[in-house]
Amino acid sequence: MSKIILPENLNGFKIYMIGIKGTGMAALAEILVSRGAEVSGSDVPEDFYTAKSLKKLNIKIFSPFNEENIPQDVQLIIFSAAYSPDNNEEMYAVQQKNIPALSYPEALGALSKYSFSAGISGVHGKTTTTGMTGTILKELKLPASVLAGSVIANFNNSCTMLNGSKYFVAETCEYKRHFLNFHPRKIILTSVEPDHQDYYPTYESILTAFLQYTDKLPQFGELFYCADDEGACEAAKLMFASRPDLSYIPYGEKAIGDYKITVHGVKNEKLSFSLAGFAGEFSLQIPGRHNVLNAAAAIALSISLLKEEHGELKIADMSAIRKAVSSYRGASRRTEFIGKAKNKDILVYDDYAHHPTAIKTLLKGLKEFYPDRRIIADFMAHTYSRTEALLDEFASCFTDADIVILHKIFSSAREKYSGQVDAELLFSKTKKHHKNVFFFNEVLDAKGFLLGKLRNGDLFITIGAGENYILSKEILKKENNL
C-alpha cells in the first residue's frame, strides 16, 4: 500500500472506506461527504447504529468484503485499524495493487492539518467532553466541525457536528498511539491511568504516550488538564519542565483559576455547578460529578476557540454557553437513559464504562443524582488483559450499587490471552467486597432473575464494553409488556 497526502480540496475526490460502519469511520465519512468527496465503502453484513446516518448520505455500502467491491477509479482507500491484509481480502488486494491508502487515524490526522484543530484526549471522558464541546460551539455558531466517538443526541443523533471547517475538534484515541497522527493546536487531557494493557503494560508507558501527544502542540499551544486527576496533573507537570512555552489551564474542584469548580448539588433534577471565573451557575441534565468535569473542560476549550475567532468573550456568549450546557442530553452508551417502565417507577440506563475508575465514578454519580433509588448494576468485563491487570480494582468498584450481576468476560477480537484470570475469579473476588453479587455466564440468562428482583423505585443499569447492553432493552421491553 502506498501513502498519499489527503488533498485539502475534496470536491469529486473518490474515497473507498473499508470498515465504514464503525463509529469513527462513519463519522469521518460524514465529514468527507460534507467537504465534497465521493465516498463508498464496505463492511460486515450485521446492522450497526451508524446505518441511519450513512443512509442519509446516500453512501453505497458493499457487503460482505470482496476485492471486486473496490471501484476501479478509486483515488484513496481509508481503512479501519481493525483490518489488515492478513485478515481482510479487500485490504490484501489494496496491498497487492499498491492502491494509495490511509488508516482511520492517519486520515483523521490529515484532515486536522487543514483546520485550526483541537484534540480531546484522556483515558476517561473523551466522548462526553467532545459532545459537550460540539454542543457549545453549535450554539455559539462557530465555523467548526466536531467528531465524537459515539452518537451525540444534540448532534441530531449523529457522531458529528458540521458547521464549517475553520475549526476542527475531534476525539483522539491513545490506543496504539493513534493520536500521534493528529495535529492539535489545543488539547484537553481528562485523565491518565493504566489502560489498554495489551499495548501499554505499565503506567509509565501510557503516560509517555500522552506526553508525546502533548508535545505535538505548537509553540504557545494550550493544554487544558483536569486538576482532579493525578495522572493528568503529573503529565502537565512533566510537560511544563520541557515545554514552558505552552499555556497550562487547569479545571476541576482542585484547580486554581477561572475553571475551579464548585458543585452545588442536584436542583430540579439538574446538577448545578459554578466556575470561579464566571458569575452565576451552570446546570447539567446528565448525572455525575465526572460530567461536571467534562463540562468545565468543554467550556474552557469553547471559550478559547471563541476568543480565537472574535478576540473577546461577550455576555451574550456566556448565555449561549449556559444554554448549551443545560441542553446537553448525552451520548449513546454514556450514561444513556434507555427509558422508564410504564407500570413501575423503574429507570433503565446503559453505560460503556469498562475501567474500574469509570465504573466507580459512574455509580457514585448515579447515587448522588438519585439518592432514594436502589441501584442494580449489570456488568460485563471487557478483555482478559484489562481484567487481570485491574482485578482488585474491578472487584471493589461496585460499592454504590445495591445489587451487582456479573457475566463471562467479553474478549476483544485483537486479544491473545493465556493467563489464569476468568469471570469466576472476578466473581469470587467481588463477593469479598459486596454482599449482593450474582453470576450468570450468558447475558440473557440473567433476565428472569432481574425481572424478579426489580421493584418500584429501582434504577437498573448495564455497564461495560461487551454485549450486555442488550439486557437493558430486554428488561424495559418486558416491563412494558412489549
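Using N, Cα and C of the backbone, Cβ positions are placed for all residues, glycine too.
Look at TrEMBL and you will find 14-113 tagged as domain 'Mur ligase N-terminal catalytic'. Per TrEMBL, domain 'Mur ligase central' is recorded for 120-301. Positions annotated as ATP binding site by TrEMBL: Gly122, Val123, His124, Gly125, Lys126, Thr127, Thr128. What TrEMBL lists as domain 'Mur ligase C-terminal' is 333-466.
Per DSSP, the domain 'Mur ligase N-terminal catalytic' (14-113) is made up of 39 helix, 20 strand, 41 coil. According to DSSP, the domain 'Mur ligase C-terminal' (333-466) comprises 45 helix, 32 strand, 57 coil. When other Cβ atoms within 10 Å of the Cβ of Gly122 (ATP binding site) are tallied across all protein chains shown, the result is 26. For the domain 'Mur ligase C-terminal' (333-466), the predicted model reports an average pLDDT of 90. Annotation for Val123 (ATP binding site): spatial neighbours Glu174, Thr190, Ser191, Val192, Glu193, Asp195, Ile206, Gly231, His355, Thr357, criterion Cβ-Cβ under 8 Å with sequence separation of six or more. The binding-site residues listed here are Thr127, Thr128; among them, Thr128 has the most other Cβ atoms within 10 Å of its own Cβ. Taking the mean position of the Cβ atoms of Gly122, Val123, His124, Gly125, Lys126, Thr127, Thr128 as the ATP site, the remaining residues of that chain whose Cβ falls within 8 Å of it are Ile120, Thr129, Thr190, Ser191, Asn294.
Applying an 8 A CB threshold to same-chain residues 6+ apart, the list for Lys126 (ATP binding site) reads Ile120, Gly149, Glu171, Thr172, Cys173, Thr190.
Listed in sequence order, Thr190, Ser191, His290, Leu293, Asn294, Ala297 are the same-chain residues at least 6 apart in sequence whose CB falls under 8 Å from the CB of Gly125 (ATP binding site).
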